[in-house]
Amino acid sequence: MRRLLGLLLVFAGCTFALYVLSTRLPRAQRRGSPEEPEGRLLWFPSDLAELRELSEVLREYRKEHQAYVFLLFCSAYLYKQGFAIPGSSFLNVLAGALFGPWLGLVLCCILTSVGATCCYLLSSIFGKQLVVSYFPDKVALLQRKVEENRNSLFFFLLFLRLFPMTPNWFLNLSAPILNIPIVQFFFSVLIGLIPYNFICVQTGSILSTLTSLDALFSWETVFKLLAIALVALFPGTLIKKFSQKHLQMNEPSNTNLINSRKDT
């Protein structure tokens with residue numbers, strides 16, 4: 001009970017800090033709409049329409065307060081990752097729209113790794129009993145597979161991260177229970193989610209630069225879409241290679257572990 005109370009206090013504190021950060025925006029100097037001044041409430045996007053609207057607001061605001069938008073984005077991303085809240089894919093797309101394809105990719109890879117590690121630590125301190133109580137079968141299955149692949153644990157973690165349907169939130173929560181070293185955990189997230197982050201960030205970059213349907217057929221856009229398609233094929237190739245050379249993945253019940261969306 002103490003650990004649950006401690007987790008709730010940490011969550012409440014982080015939520016309050018993010019709320020203050022998103023509502024106490026520095027006043028813009030440019031003339032804009034009446035909704036621009038200090039005190040406007042920002043939000044987490046839940047669909048593409050909200051994502052586009054939020055992107056436009058932040059891109060305009062970023063012209064004068066670049067550091068503040070950067071801080072706000074990083075805080076929101078770590079909040080979602082740290083507490084295993086779904087919807088990080090929208091933030092990946094937003095990163096591409098705000099920061100461009102390459103800076104956005106680097107930023108998302110770092111934030112994904114740091115945020116997942118925060119979730120790892122929170123689970124280790126507060127949530128082990130809760131995870132085992134609510135997901136006993138999944139924890140037991142994953143524990144068995146981790147032990148079978150202990151000699152090639154890093155490849156096994158990469159396999160799980162590269163697989164498109166792996167529930168990353170569950171891996172983050174259960175990793176300390178399975179005695180996965182935090183260093184291996186961090187770098188498996190950093191490397192294993194590069195293709196997924198790349199696809200999302202590039203999508204955001206393309207959406208932010210489209211001004212008409214004609215722009216969709218420009219050579220630059222075509223090459224970006226081709227790059228996304230090639231990267232999307234990359235995880236499947238690696239998964240096949242790792243599973244054949246390094247992993248013990250022959251048990252049919254493994255499908256129960258990967259029956260969720262790949263949203264962190």
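For all residues, glycine too, the Cβ spot is worked out from N, Cα and C.
Annotations in TrEMBL come from automatic prediction, not curation.
Checking TrEMBL for transmembrane segment across the ranges 159-177, 178-196 points to 178-196.
Per-residue confidence over the domain 'VTT' (85-205) averages 89 (mean pLDDT, predicted model).
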